[in-house]
Amino acid sequence: MMDLDERNVSGCGLSSMMNKKRVKVDGQAITKSMRNLRERGNGLGAGFAAYGIYPDRKDYFALHLMYDSKDAKKNTEDYINDYFHISSKEPIPTRKTESIIDPPVFWRYFVLPQEKFLPTDGDSEEDFVIKKVMHINTGIEGAFVVSSGKDMGVFKGIGYPEDISEFFKIEEYKAHTWIGHSRFPTNTPGWWGGAHPFTILDWAVVHNGEISSYGINKRYLKMHGYNCTMQTDSEVVAYLFDLLIRRHRIPLEYVSDVLASPFWKNIDLEEEDQRQIRTALRMVYGSALVNGPFAVIIGHNGGLMGLSDRVKLRPMVAARDGDWLYISSEEAGIREISPSVQNVWHPRAGELVVGELEEN
Amino acid sequence: MNGTVLQPEFLVRIDEDRCDQCKRCLEYCGFGTFSFANDKILPNHSKCVACHRCVTFCPELAITVVENPLSFRNHANWTPRHIRDVFKQSETGGMLLTGMGNDLPYRILFDHLVLDACQVTNPSIDPLREPMELRTYLGRKPDVLEIKRNEQGTDLLKTNIEKNIKIELPIVFAPMSYGSISFNTMKAICMSAAKLNTLMYTGEGGLPRDLYPYGDHIILQCASGRFGVSPEYLNVGIGTQIKIGQGAKPGIGGHLPGEKIPENISQTRMIPVGTDALSPAPQHDIYSIEDLRMLIYALKEATGYKPVCVKIAAVHNVAAIASGIVRAGADLVYLDGFRGGTGAAPNIVRDHVGIPIEVAIAVVDERLREEGIRNKASIVAAGSIRCAADVCKAIALGADACAIGTAALIALGCHVCQKCYTGNCSWGIATQKPELVGRLDPEWGAERICNLLEAWATEIKEVLGALGINAVESLRGNKERLRGIGLDRTILEVLGVKPAGIGMGDYYENRG
């Protein structure tokens, strides 16, 4: 593996934007914002998540696949064919650039699970997709699912954000929600699959920090059927959001009570009903507490969220400008695309910043 | 020959220049080592057990206890221990008895595990300046929580959570039966549990009425002899414990000699004065897992559904057994490793039966996770927890809390002389002789135990801070923050721990 541990300081640049009225913009703005955060990356990983980019195929799960070899592609396509109807498939458009050397091959498939497999054991379509994604990532050599949600996609790889943007022709996509990440890898080697965002279904997570509780978060998720396979601590956040919100239906306003829980001394001071709820959340979901320095931005088909750890050991700034919500690792990332924004704030430790998209 | 060929294990040396013949040592020795004749203190060396009571209290520092330097001819196979044991048994024809935990030099896995710390990318947290949380809830947790908003717009917890026990540090006091330990020892532990907001277990000997006021911090044991068990007793505390086995003596029952059963013990245990209290090896109403289930639910019915803990000794098949126990309805599984203490056990069982607690924690935790039932019970680990580092490592391996027995007794003065079964404890701990029991002031004892655990809690917080986490639940089962040193591949796999030198991203389970 690459020897990265000794020379790196922590960093990672995050930026995101969401228009609650679902007004779409192309990928130039988020690229510009990320370019401004260059000091937070080292060229060993960058990526973008875009929501609302496949409006005419929005009912299909969009599987973005990354292949190291022809065999990987063939084996994966056989597997997908066995379990899904493929409505359409195509190579993900890329352009040759000077800075990207020897990239893997990218394809996307618009699919639905075959009816005969549903419902299995009370599984939903989403649970079915998760299992198949986990299988490809762990069981098929040289293949990797970059994203698997509906009407969204992730584009990521090794390079600086502007290189990745150029490589994937990000300027050609139009999205109402954009997330960008620039990576400064410390704990794990730089490989294309290891760049952020990390995804499952439509959840996409970018992360700055290091999850010191990773070991137990991973084991807790495994108990619930999620296999952590991406050589990084960050992916647990995506799975935890999926588990808590989609599967366990924990109301959004309580998610931070699990992931970045308030201290007992504060919980003990709450009124009876709230104290009961928060105490129970910590008792039951203690293994899902994400401990250690982090700032994360999470996208999904319902909107955008930001969260930092319970003592805020990583920076996070948010801003609202009309229908736009911005969350970034620093104000400069926001000012670059919204220079005159007034409503800028620094979310408190453990405060979940929530942007919700209005219904169509 | 005086009927023995055994030489004393220890020699008691009296510095005659220092000794002013106050004769305190005569009084202090519970084993009758000293006599006085011809203006001299005369030690009977073969009675000395090296408990150091006389040494500690000699005002002139005139007494020294040394190991008898008597040399046997070197023999790697026939060690002095083996030779002495043959001498003893050829003289008595009996099974050798002992007290405290296994003293053979088995490899101690805790001492081959090291903890992680933050550097650069994940800042450590300073426990002197920031909160560090050790609070732990022991008991059954639901799979999912349901929160519902009512018509007034108030959010309410819809899920009914079964009773849990809240402790403010992840250390509890192990069951030590009334009879094996003295009233004052038990009271000191009760007082400590109350002051530290943690809990103690009664052993199989019941609970003296005078200690009922501490019930909010006590789990009552129901063991195979049913000593002291009554509906009132079961309801005094915050939960009950079914004792199946003990780490120091898996597979066998308890044995409290009649010498340790005076009036007060007889009343609490509900047996006649001076009779041997022999608890059966198995619980005679539990011959299968379904029988255990019936007793678990009988206790729940009897106590208004307070948590039920099942205590087992760590043995080969511990993971499968623990899984059965959880499925049978237990809210806590208490694992007792083979180095765990005892008041009395046959040497052969104490030293040669069972498996280490480190292994038991790891395999039980892993099994319960594989089966998706880890949340249904808490794991309490015991069996020679010697220091805060052992606690941290046990929790990282998957325990919710650790129980200490011997460590608490050492805080009370115990010198681990291993003679608890004789009832002569000079420190007033493992004895029922009133003149010895009276030596231990419960207030003094409680203060020392509280000091010990407050020190350990501070140390655990220091470790959490170094790990960059500020709540104990982020350490629990977090094997990623442990590494093994000098352990072979197989035992590392059993523990689920990587060897030192392997970083976090170096190899993951599913991708090379």
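FYI, residue positions are counted from 1 along the chain as it appears here.
Backbone N, Cα and C atoms are what each Cβ position is placed from, and that goes for glycine too.
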Candidate sharing the [4Fe-4S] cluster 1 site with B:Cys19, B:Cys22, B:Cys25 (per TrEMBL), from B:Cys51, B:Cys58, B:Cys118: B:Cys58
[4Fe-4S] cluster 2 site shell beyond B:Cys29, B:Cys48, B:Cys51, B:Cys54, criterion: Cβ within 8 Å of Cβ centroid: B:Val12, B:Cys25, B:Tyr28, B:Gly30, B:Phe31, B:Thr33, B:Phe34, B:Lys47, B:Val49, B:Ala50, B:His52, B:Arg53, B:Val55, B:Val65, B:Ser426
Cα-nearest neighbour of B:Cys58 ([4Fe-4S] cluster 1 binding site) within the listed binding-site residues, B:Cys29, B:Cys48, B:Cys51: B:Cys29
Sparsest-packed among the binding-site residues, when each Cβ's other Cβ atoms within 10 Å are tallied, from B:Cys19, B:Cys29, B:Cys58: B:Cys19
Taken over the domain '4Fe-4S ferredoxin-type' (B:39-68), the model's mean pLDDT: 97
C-beta crowding around B:Cys51 ([4Fe-4S] cluster 2 binding site), within 10 angstroms: 26
Spatial neighbours of the domain '4Fe-4S ferredoxin-type' (B:39-68) far in sequence, C-beta under 8 Å, 6+ residues away: 6-16, 18-26, 28-33, 413, 415, 417-419, 425-427
Fewest Cβ neighbours within 10 Å, where candidates are the binding-site residues B:Cys22, B:Cys48, B:Cys54: B:Cys22
By Cα-Cα distance, the member of binding-site residues B:Cys19, B:Cys22, B:Cys25 nearest B:Cys54 ([4Fe-4S] cluster 2 binding site): B:Cys25
Residues of the domain '4Fe-4S ferredoxin-type' (B:10-38) by DSSP state, where helix covers H, G and I: 5 helix, 9 strand, 15 coil
